[in-house]
Amino acid sequence: MYLVNARQMREMDRFAIEKIGIPSIVLMETAGQAVAQEVEQRYPQARLVVIAGHGNNGGDAFVLSRHLQNRGFAVNTWLVGSEEKMTADTAIAYRALVQSRVHVQKLTPKSWNLFCRELSGADVIIDGLVGTGIKGSLREEAARVVMEINKRKDRAAIVSVDIPSGINADNGVISSVAVSADLTVTFACPRWGHFLFPGAGHCGRLIVRDIGIPAWVGEELGIKARLLQDEFISTLIPKRARHSHKGSYGHVLVIAGSQSYVGAPALTALGAIRSGAGMVTLALPESIQSMVVGLTPEAVYWPWADKAGSFAPHSWEALRATNQPRYDCVVVGPGLGHEVDIDWLKQVIDRTSGPLLLDADALNLLGQDLTLTENRMPVILTPHPGEIARIMKMTVQEVEENRQQIAVKFARQHRVYLVLKGTYSIIATPQGTCFVSPRGSSSLAKGGSGDVLSGMIASFINQTGDVLAGLQCAVYVHGMAGELMDEYSGGASDLGLWIGQALQALAQKDRDNHTL
Ligand SMILES: NC(=O)C1=CN([C@@H]2O[C@H](COP(=O)(O)OP(=O)(O)OC[C@H]3O[C@@H](n4cnc5c(N)ncnc54)[C@H](OP(=O)(O)O)[C@@H]3O)[C@@H](O)[C@H]2O)[C@H](O)CC1
Ligand SMILES: [K+]
């Protein structure tokens with residue numbers, strides 16, 4: 001499913017209207033009906049207050065008001081704005097509503113108290129004040145209306161049309177205030193503002209409804225961002241043949257750990273093993289091997305030269321051994337600590353082959369010289385916002401406010417695959433495409449989750465035989481496992497149990513799709 005900004009959505013609309021011939025009023029009618037259906041299904045017999053602005057977002061609200069009234073709902077509809085400023089389609093939707101003998105009240109200083117009383121009597125408040133057409137921060141009247149809506153949050157369900165009013169659909173920024181919705185019904189495809197914070201935190205449950213614009217329009221317009229979904233991921237999950245052996249599922253090499261971080265390599269190995277890796281070799285500073293073995297008996301151990309509990313500067317020479325097996329994917333970084341230096345990393349990068357994933361402390365080292373991976377393909381970097389902020393010499397806030405742009409620009413510029421972790425992780429490719437995972441939960445906001453993800457990525461890259469597919473599977477399944485695990489009691493080492501459940505749920509989905 002495509003993920004768009006406001007301009008791209010307008011282009012999709014224009015294409016549908018001009019090239020396909022769907023009249024714009026039909027798009028609005030379908031959008032309004034779609035919200036009406038969601039409301040009818042979820043809140044039968046509710047008393048509704050519908051708030052409409054004079055833009056097309058308000059037009060959708062007038063349409064849904066008419067349909068819900070026709071289906072027997074008690075609806076009070078308010079226009080916040082002016083008839084003169086209505087768009088052509090909104091004016092049609094407004095007239096149809098009025099001619100259906102529905103009284104639309106206009107918000108004025110005089111009617112303010114009545115408006116507030118009606119809001120207080122509502123079971124459901126529909127927010128059609130402003131959608132993707134917002135400019136800057138909400139003006140005073142709109143901001144006051146939004147605050148009144150939010151005050152009723154405990155007593156009424158709040159449903160936003162397209163996007164909660166006050167959120168910038170491009171970047172999730174809220175300049176002043178925004179509606180805090182329980183349900184947001186958007187059309188055709190989601191907007192970035194639904195998945196970027198703080199706006200994303202105001203959407204409540206997000207429903208995407210088809211309004212008749214064919215999916216191929218996104219391709220035609222060259223839209224490069226997509227939202228990952230169960231149906232797509234379930235087709236990527238590698239099948240396991242009965243007639244197979246450990247060599248069938250690839251060999252992961254993890255170069256990680258130090259005396260201060262004994263758990264990190266174990267968690268990385270666990271991520272790989274619990275997501276189906278055939279073999280995992282753990283290269284560790286030799287003094288910590290005995291501690292890690294107890295944590296991950298399934299791995300093969302490769303002790304490297306040690307200096308005070310970290311990799312010794314010349315430890316990479318272990319890679320010169322001619323009798324080592326072939327590794328299909330290499331992970332470097334979890335728990336390295338601060339003792340290893342950039343020369344060590346350079347040697348490791350130059351002396352390994354196949355997909356290379358750099359995480360954690362390896363990313364901090366890479367930040368000193370971004371040319372280190374220039375001649376190495378494919379490279380995968382998995383920073384959290386703090387790590388990419390350090391590499392790019394920005395603040396975490398700057399990163400969080402520009403997640404999409406930073407991920408895409410960095411991946412293109414340095415020709416790497418980048419996973420920018422966080423709520424709704426972003427995968428950006430060297431070709432400039434990007435994918436957002438809607439999966440995840442606060443159970444993943446704990447130390448060690450990233451180490452598990454690194455192992456999962458390597459494992460899925462090996463099993464799918466494709467870097468992008470491996471990344472998509474790993475990020476998505478990791479997020480699903482987080483959703484299944486208890487938010488309080490589950491830790492990174494428990495994630496392994498839930499990876500299996502997530503994979504089973506996806507495999508079932510794939511079976512269902514094939515039997516329909
Ligand atoms: N394919 C689709 O998804 C479709 C979506 N539809 C709906 O259309 C809106 C977008 O409609 P648009 O008319 O472009 O814009 P909005 O209604 O969202 O916003 C414009 C109105 O908002 C007022 N506005 C703008 N900024 C502010 C502000 N800072 N404070 C207060 N008010 C603001 C603006 O008022 P002006 O007086 O400034 O003109 C406009 O009134 C989309 O979100 C969907 O809901 C289509 O119906 C179907 C296709
Ligand atoms: K809205």
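Cβ coordinates are placed from backbone N, Cα and C, and glycine is handled just like the others.
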Practice item. Pick the one from Gly448, Gly450, Gly455 that TrEMBL also lists for the AMP site with Lys421, Gly422, Thr423, Tyr424, Ser425. Key: Gly450
**Study point:** Asn57, Ser165 bind K(+) per TrEMBL; candidate in Asp13, Asp123, Asp127 listed for that same site
**Key:** Asp127
Review point. Among Thr132, His384, Thr423, the binding-site residues in the record, which have a C-beta under 6 A from ligand 1?
Key: Thr132
Practice item. Using DSSP with the three-state reduction, classify Ser165 (K(+) binding site) as helix, strand or coil. Key: coil
Review point. If you count Cβ atoms within 10 Å of the Cβ of Ser165 (K(+) binding site), leaving out that atom itself, what do you get?
Key: 28
Exercise for review: From the binding-site residues Asn56, Gly59, Thr132, His384, Gly450, pick the residue whose C-alpha lies nearest to the C-alpha of Ser165 (K(+) binding site).
Suggested key: Thr132
**Study point:** Close-lying binding-site residues around ligand 2 among Asn57, Asp127, Ser165, His384, Lys421, Gly422, where CB distance stays under 6 Å
**Key:** Asn57, Asp127, Ser165
Practice item. State the Cα to Cα distance, in Å, between Thr423 (AMP binding site) and His384 ((6S)-NADPHX binding site), rounded to an integer. Key: 10
